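Visitor: One structure, pasted below without further comment.
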Amino acid sequence: MARDFSLKNTRNIGIMAHIDAGKTTTTERILYYTGRIHKIGETHEGASQMDWMEQEQDRGITITSAATTAQWQGHRVNIIDTPGHVDFTVEVERSLRVLDGAVTVLDAQSGVEPQTETVWRQATTYGVPRIVFVNKMDKLGANFEYSVSTLHDRLQANAAPIQLPIGAEDEFEAIIDLVEMKCFKYTNDLGTEIDEIEIPEDHKERAEEARAQLIEAVAENNDDLMEKYLGDEEISVDELKDAIRQATTDVEFYPVLCGTAFKNKGVQLMLNAVIDYLPSPLDVKPIIGHRANNPDEEVVAKPDDSAEFAALAFKVMTDPYVGKLTFFRVYSGTLSSGSYVKNSSKDKRERVGRLLQMHANSRQEIDTVYSGEIAAAVGLKETGTGDTLCGEKNDIILESMEFPEPVIHLSVEPKSKADQDKMTQALVKLQEEDPTFHAHTDEETGQVIIGGMGELHLDILVDRMKKEFNVECNVGAPMVSYRETFKQPAQVQGKFSRQSGGRGQYGDVHIEFTPNETGGGFEFENAIVGGVVPREYIPSVEQGLKDAMENGVLAGYPLIDVKAKLFDGSYHDVDSSEMAFKIAASLALKEAAKKCDPVILEPMMKVTIEMPEEYMGDIMGDVTARRGRVDGMEPRGNAQVVNAYVPLSEMFGYATSLRSNTQGRGTYTMYFDHYAEVPKSIAEEIIKKNKGE
């Protein structure tokens with residue numbers, strides 16, 4: 001069966017924004033206008049097509065990135081709706097990895113908000129071209145010019161409008177297209193009837209000025225256009241479109257559009273811009289992987305149906321009807337249902353049962369998926385997020401994704417014996433779906449500990465266990481993931497010698513420990529000369545240190561950011577063994593704890609609080625009382641924004657405190673930023689608590 005849409009006519013896009021900027025509603029409208037749904041669902045009524053999990057409908061936020069496919073003007077548009085809440089950054093991260101372009105949705109009243117900055121940074125990391133849709137132009141306080149200025153001020157983005165709104169709030173009635181110099185007026189509530197009219201006289205001058213600014217911004221990286229512009233030559237619509245497309249695809253320019261998805265204005269024009277300015281799989285740089293057996297040999301996955309099959313699995317989900325669904329993006333070649341593929345990341349052979357094209361939560365079975373497309377497979381048992389799938393002869397591994405470690409932990413226990421097994425299965429499935437969610441059993445207490453990226457993240461996962469897996473569990477108080485590190489260098493000896501009749505045990509090491517830079521992790525250096533410690537025991541020394549570091553030296557927390565140099569030692573021909581050197585290394589670490597000034601580190605969160613100005617004093621006082629450090633303040637519209645770094649341990653229950661301090665008018669976002677040393681008095685309390693004193 002031949003493909004329905006050529007690669008040139010395919011777009012893989014994400015819709016990303018701050019929570020509540022109207023992202024899901026925008027996606028809904030796209031589906032409505034492209035004929036994918038026949039009735040529009042509202043997020044605040046819990047009826048949205050894209051928010052298909054129960055928790056999403058209850059909370060009115062998007063958690064999982066639902067992938068859906070739509071058609072517009074002879075093009076296939078695959079859309080991934082990504083969550084805007086900071087606890088779900090991993091969802092954004094993994095969808096950006098497989099997209100060719102994105103639509104950033106802004107709230108016309110607030111402009112760029114904290115989470116917009118986070119996802120914008122992630123998109124820049126992955127080199128994703130973007131167009132910006134200033135949504136909610138009908139909202140009280142909507143200000144298009146202000147929103148555009150926040151793109152420059154907060155993101156330093158080379159952005160310029162390619163549209164201008166006529167009116168705002170209740171008066172928002174038409175949109176000027178600056179590329180074609182036309183005006184579009186909406187005449188019915190559903191936004192399906194649009195009149196093309198001349199630009200009204202009183203808006204002509206403003207439109208011409210804005211067009212000149214647009215050409216200037218695009219021409220910065222386009223010599224031909226710059227020449228014409230400086231020579232006052234006429235620039236045709238096609239020339240300008242080509243230049244905008246080129247600059248957008250090169251991630252050097254961001255076109256800005258406007259509208260209101262809720263009131264059905266501007267969405268079709270935004271869809272036109274997706275087709276006109278965002279790249280097809282052919283326009284982006286081909287993805288480069290490496291050979292599975294030789295990491296230094298680069299392999300290019302070309303977007304070509306006749307090439308060897310290569311795809312990246314970017315999401316795993318459990319569907320109540322079909323079981324495990326693996327979403328993947330095909331970079332080269334084709335895949336048919338019923339065929340075998342190789343998971344080159346794990347070196348496993350897998351059989352693809354069925355192939356599905358998803359539409360939020362309904363699905364259509366397909367026989368073949370082609371390069372540049374996004375689909376879901378049923379039947380892949382071993383494949384997880386970030387794994388490469390390829391043809392059995394192909395041996396490519398595409399660059400995988402890196403996921404942050406959890407910063408918050410809770411203990412969970414099943415309410416009844418019957419829930420025990422179900423809970424174990426639920427935790428295994430949830431970990432498969434979400435790489436930032438960890439679960440393990442504490443060896444000392446026997447408790448099951450779950451870890452994630454924030455309170456809301458874990459809340460929702462516990463909620464899912466109850467609703468999807470029927471597991472009732474009791475949840476303990478949140479626990480912070482502390483770490484330990486050394487502040488001073490020292491040289492120490494670790495010697496293990498045991499004689500108890502028969503063969504003894506002997507291992508002796510001299511190790512120099514030095515602090516590593518923040519985030520540098522553990523580095524081991526072998527500086528042994530002349531074989532005083534035989535080569536076969538060196539890995540045991542490193543492993544012994546790693547194992548001992550897991551349990552720290554002060555309060556049982558992992559020791560991080562330390563360098564260890566093995567420079568001397570001794571061995572015994574008969575009595576030395578791998579185990580003896582492992583124990584010697586752990587004894588050296590114990591010795592280092594006495595000399596290297598160990599300290600406890602705590603996770604520091606970057607917190608952004610927005611509230612009316614009159615509450616500023618209370619909020620600042622509260623941040624200081626929580627051991628926070630204010631990093632700056634700025635006015636935003638008629639509100640004030642405070643940026644601060646606050647220890648995670650002080651942020652539990654902050655939502656309630658902020659509500660009472662601002663009478664419900666304040667909002668905040670926070671995400672993990674770095675680890676910092678805990679004050680001595682608090683460190684002593686932590687150590688006492690962990691030793692059970």
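Just so you know, glycine gets a Cβ as well, placed from its N, Cα and C.
Copied straight from Swiss-Prot:
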DOMAIN    8-282  domain 'tr-type G'
BINDING   17-24, 81-85, 135-138  GTP binding site
Visitor: Here are the binding-site residues: Ala17, Met137. Which has the lowest count of other Cβ atoms within 10 Å?
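Guide: With the binding-site residues Ala17, Met137, fewest surrounding Cβ atoms within 10 Å: Met137.
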Visitor: Tell me whether Met137 (GTP binding site) sits in a helix, a strand or coil according to DSSP.
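Guide: It is coil.
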Visitor: Taking only the residues in the domain 'tr-type G' (8-282), give me the average pLDDT of this model.
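Guide: PLDDT averaged over the stretch: 79.
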